[in-house]
Amino acid sequence: MSDSNDRCRVTCVTCVACVTCEVERVTEDVERLRKNEIVVVGTVVFVEVNEMDFKGQLLSEKIYIILMSIVSILAYFVGFILQDLQILYGTLVIGTVITLLICVPPWP
C-alpha cells in the first residue's frame, strides 16, 4: 500500500470523509483483482480465477437431481412395501452416498 493510503487511514479517524478513503482502497483492490493479483483483506485472500466449468457444474447438478429423485422414490416404495422405516432410511442413505460419490468428485 502507498503512503497516501496509510496517511489517509490515520487521518480518517476524525474526518468525515472516511467513506472516500475506503472507496479508494476498494477500487484499488478491484483493479488488482482484474489483473489476477492476490488481494489480502484481513485474513481473507481473494484470488480471481477465470476458469470455471459452468457446463460441467450444470451437468453434475442435473445428474444429482435425477439420481436423488430416483433414490427417493425407490426408498419410499421399498419402505412402504416392507413396512419398515429403518429400511427406508437405510436405502435413502446408501443412495445418497452413491449419488454424492458420482456427483461431487471432479471428473475429467
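Positions of Cβ are set from backbone N, Cα and C atoms, glycine also.
Curation does not apply to TrEMBL; its annotations are automatic.
Taken from TrEMBL, the feature transmembrane segment applies to 63-81 (among others).
Per TrEMBL, transmembrane segment is recorded for 87-107 (among others).
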Subject >> Sequence-remote partners of the transmembrane segment (63-81) [C-beta within less than 8 Å, at least six residues beyond its ends] >> reply: 87-89, 91-92, 95-96, 98-99, 102-103
Original post:
Same-chain Cβ contacts of the transmembrane segment (87-107) under 8 Å, 6 or more residues past its ends?
Top reply: 56, 60-61, 63-64, 67-68, 70-72, 74-76, 78-80
